[in-house]
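The substrate binding site annotation in TrEMBL covers Arg218, 238-241, 306-308, Gln312, 360-363, Arg541, 552-553. The annotation Mg(2+) binding site is assigned in TrEMBL to Glu234, Asn236, Glu458. Annotation comment: TrEMBL describes Glu234, Lys399, 454-463, Tyr465, 490-493, Glu516, Lys543, Glu549 as ATP binding site. For 297-396, the entry in TrEMBL reads domain 'Glutathione synthase substrate-binding'.
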Amino acid sequence: MGVRYSSLSLCSPTHQNHQSFRLATFTCDTKQKSNFSFYPTDKDRIFNTHYRRVSLFAITQFSICGLHSRIGNLKCGRVKEMETRQGIATKEALNLQSVDQDLVQKMVYDALVWSSLHGLVVGDRSVQRSGKVPGVGLVHAPFALLPVSFPESHFREACELAPIFNELVDRVSLDGKFLQESLSRTKKVDPFTSRLLDIHSKMLELNKKEDIRLGLHRSDYMLDEQTKSLLQIEVNTISSSFSGLSCLVSELHRSLLIHYGERLGLDSKKVPGNSAVIQFAEAMAKAWTEYNNARALVLVVVQSEEHNMYDQHWLSSVLKERHNVTTIRKTLAEIDAEGELLPDGTLLVGGQVIAVVYFRAGYAPTDYPSESEWRARLLMEQSSAVKCPSISYHLAGTKKIQQELAKPNVLESRFLDNKEDIAKVRKCFAGLWSLDDSEIVSKAIENPELYVMKPQREGGGNNIYGEDVKETLLRLKKDGTDEDAAYILMQRIFPSVSLTFLMRDGICHKDHAISELGIYGAYLRIKEKVIMNEQSGYLMRTKVASSNEGGVAAGFAVLDSLYLT
């Protein structure tokens, strides 16, 4: 699933007077001579080439939690600005209001060099073959120049939730009746969800058991400004992307603050280390080991054109270098053409045995343009290969299931036993409702700015906001069909807005932005034995506050990291 925001706030309802704010744009002086220092460490893990060594060092050095103390103000001068108008309130945690332009240009230059040397890159969409051929048309991934301030207490809270949600997803996935019944109305009006449920039904009819269950998840949160509460946006159970590039952004920010931190009044040690790709690779390697076939491969299911391929290649590289596990990349159409299921359930693709199927595609209707792709999905599901995710894990991450789990007594009566875990999960739930709740629908029509409408879709750009919420609800009410079952309503979260430097296409924009924290989780279970259940790094995404959606891959947001306060 491409990275995205599901409930982003433009502004609080109390700040809609369209106050003006500033937008500054910087271009990098490519003739500038940099004195930026790189610092590969952890010298026990030296690879065969300098560049691979530096890159992997960058993502393995530091632990994820346990950093303390408070942030100071930036020591800075002033920059030129351009006038624009938006209806948002600002709250600078990092005081970037008057950063010296020369200092910004130096950091921009050094950040671009660092990104190029360390693999913080994506395919340039303006280059024709950049999404198909590695090494063609590279450009730095969109990123924030400096990390975003975030309370350490809330970061720890999010980290502690990861193992609970890992376990919850697993338990929900085993309750086939709950999944089918909860999505039964959605099935009638959503062809994509219907096809997924059909595959799930076939697995239930076959009494198909997944003895090895692997989950690489990400739970996304926003920090509500008014209540200071950490509220969950969603749980992603398929194609939880950016485990590779997110680690690099954390390391980039550490590197910049080591060199410029004294001038900025910032401490590089306040940026928590990020080991997401290492831990994801470890979980996948353990699943591969449990499959118990030394000749078997990991199959990465990809889209035919993928500009975010380097994030995926990072995971494959770590799997190979650290665990000697080989991956192959195939589209669903290629799997249909080359795939074969042996009588014992073994999956062959191109004549090679597949131990683990890792989906980086298959989460959106556009990934299934023909019956060929659906045949491939069914073939993989029927096999004995470890699926990441299985069809039941995939369905457990849908918006409708998230809304059903938020109902009173559902967690308690069906899925979780520990009272403390239940309390932690319920504390992070935002308001979630079905559209068959006429009272909440009336409230949303009256105050649409307080709600978000979500379809059962992944990848960004699908949610409905503002007046469009009102118009859509009125239309559904007038039509009187079951189309409302395709959506849920969610409380709109209003995080604080801060001034941020956003890097895209080599240009630095200073703008007001909001951020969303994603916490990765890795889960591996062999029958009744839990082998791995861990919080596995983080993803921070930041976007201009005047945009509803926020997917990085979709072009709405930039990658970021944390500065713990």
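Positions of Cβ are set from backbone N, Cα and C atoms, glycine also.
Its Cβ taken as reference, Ser239 (substrate binding site) is surrounded by 27 other Cβ atoms within 10 Å in the chains shown. Between the C-alpha atoms of Arg218 (substrate binding site) and Pro455 (ATP binding site), the distance comes to 19 Å. Between the alpha carbons (Cα) of Glu458 (Mg(2+) binding site) and Tyr465 (ATP binding site) lies a span of roughly 16 Å.
Residue counts for the domain 'Glutathione synthase substrate-binding' (297-396) under DSSP, helix first, then strand, then coil, are 43 helix, 26 strand, 31 coil. In space, Asn236 is the closest of the binding-site residues Asn236, Ser239, Ser241, Gln312, Ala361 to Pro455 (ATP binding site), judged by Cα positions. When Cα-Cα distances from Lys543 (ATP binding site) are compared across the binding-site residues Ser239, Ser241, Gln312, Ala361, the shortest belongs to Ser241. Closest to Tyr465 (ATP binding site) by Cα-Cα distance, out of the binding-site residues Glu234, His307, Gln312, is Glu234. Cβ neighbour count for Ser241 (substrate binding site): 25 (other Cβ atoms within 10 Å of its Cβ, all protein chains included). Summary: among the binding-site residues (Asn236, Gln312), the fewest other C-beta atoms within 10 A of the C-beta are counted at Gln312. Across the fold, the C-alpha of Ser241 (substrate binding site) and the C-alpha of Glu234 (Mg(2+) binding site) stand 14 Å from each other.
Its own atom aside, the Cβ of Glu234 (Mg(2+) binding site) has 23 Cβ atoms within 10 angstroms in the protein chains shown.
Note on the domain 'Glutathione synthase substrate-binding' (297-396): its mean pLDDT in the predicted model is 97. The shortest Cα-Cα distance between Glu234 (Mg(2+) binding site) and any of the binding-site residues His307, Gln312, Arg492 is the one to Arg492.
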